[in-house]
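*Asks:* Quick one: this structure, given as structure tokens, is what I'll be asking you about.
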């Protein structure tokens, strides 16, 4: 894809503004209140913690920006499924009628795992969900960076929470508590009210997407799989998600084969998003080698 199609224009979004302000507040309060009050900002422990936290916050900010600005993946206007292609044993069909999936709103066929987003008003490759907090769909091209952003956000919130508790405990242990701790009491309360629920929510979100990655599912496919499992059980057959290649293969299909690049917001391994490996590819490969 061209550079033009890979990036989106920035438009104002209230949820994004809230996230940016929250990141800024957590960073400033952590560096200039929690670390400064507990260790002293210019002491050796203070400098070390400030550098480490700043690095994590910087990666959080970078990945957040990339998640916002990266187009999740557009369906080419010329896309046409080739039902006679032996290399593509799976062609997703409508639940009703059995026809190949066609988007009436976009006037083109849908590739496997693509879905129409009513917010973005177009089809998105390997769509997971539309996220108001990045004002963008989470799809084929930005799924990895979205996951990395959530991971860095979890680490940053947990780190800040530990420093918050340490700073409060240190202030409580000081004899002149009213003089040193009173002026920051509001910061402690606001930070706690922000960090605790945010840490819990982000941990749940990260855990959910780790589960999805290990099973090579999107959020949409998970809910579709629940319905498919129910229908196949009623019919006496067994349902297996066709894109589940095994935990390690599933992990590398999202994060890439190079472990070193797993924590960096690159997506050189993702392919076109028009075709994905399935369990049938593995079956064909094993039968060919015999």
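Cβ coordinates come from backbone N, Cα and C, glycine included.
Sharing the record's features from TrEMBL:
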| type | residues | note |
| --- | --- | --- |
| TRANSMEM | 12-35 | transmembrane segment |
| TRANSMEM | 47-67 | transmembrane segment |
| DOMAIN | 99-223 | domain 'Palmitoyltransferase DHHC' |
| TRANSMEM | 145-168 | transmembrane segment |
| TRANSMEM | 188-214 | transmembrane segment |
*Asks:* If you average pLDDT over the domain 'Palmitoyltransferase DHHC' (99-223), what do you get?
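*Replies:* Summing pLDDT over the domain 'Palmitoyltransferase DHHC' (99-223) and dividing by its length gives 91.
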*Asks:* Six or more residues beyond either end and a Cβ under 8 Å away: which residues meet both conditions relative to the transmembrane segment (188-214)?
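*Replies:* For the transmembrane segment (188-214), the list is 22, 25-26, 29, 33-34, 128, 147, 150-151, 153-154, 157-158, 160-161, 164, 167-168, 222, 247, 250-251, 254-255.
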*Asks:* Please count the residues of the domain 'Palmitoyltransferase DHHC' (99-223) that DSSP assigns to helix (H, G, I), strand (E, B) and coil.
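*Replies:* Across the domain 'Palmitoyltransferase DHHC' (99-223), DSSP assigns the residues as follows: 74 helix, 17 strand, 34 coil.
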